[in-house]
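For reference, TrEMBL has these:
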| type | residues | note |
| --- | --- | --- |
| TRANSMEM | 6-24 | transmembrane segment |
| DOMAIN | 57-153 | domain 'CRM' |
| REGION | 148-211 | region 'Disordered' |
| COMPBIAS | 167-177 | compositional bias 'Basic residues' |
| COMPBIAS | 196-211 | compositional bias 'Basic residues' |
Amino acid sequence: MVVQPIFIEFILCHYYLLPAFLLFKALFSALFAKAPNTYQFNGLSWRSSEEISMPILELSSAERSALRSDAHALKPIVLIGADGLTPAVVKEVNNGLKSHGLIKVRVFGDDREARVAIYNQLCEELGAAPIQHIGKLLVLFRPKVEKETEDKRRSKNGGPKVVMVKKFTRNPQRRPKPVATTVLGNQRVAAGGQVKRAKPRQVSAKKRQLG
């Protein structure tokens, strides 16, 4: 039986490198692995990017009481079943907070500790405030972000409209005929029936503050 030199080198390399690899793995685990998705080195600790969450929204007792009264007439918009808090469920809750601000979530199951864990996780990940936990219903609140809608921007200029414009001809003896012309929101009808781009009006700082 003939043993190839390459095979002997492979066996020797594996024999010497395996203990070194096991030693490095043990040192790495002792230095870094303290908790799932948590790392620590030289007194500094941090969490992995997958587990970074937003701070829980803090509210006063008066604000929380007012929100509890507002939530009486609400119906649950998100249902959490046996699969628990999946990414799809978190996304739906986030969309509900964006649209409504104050929402109810129903959690099926009789395990109260599991519901409390889901409640805390939702508030941490989405930066919401826990308002009330009644049975299987969770009430969460997060202020809606007010943003300028396209309808508001369009209302300043208006949409396209059809106007009757008198077109003058080169023959002065002929009367100008009215012609239906489409004028866009950023256009105006100038003298002579010409459609030109409208110039933005200068608004004073005082009127701009008043809206």
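Cβ atoms here come from the backbone N, Cα and C positions, even for glycine.
Across the domain 'CRM' (57-153), the prediction's mean pLDDT works out to 87.
Residue counts for the domain 'CRM' (57-153) by DSSP state, with H, G and I taken as helix and E and B as strand, are 43 helix, 20 strand, 34 coil.
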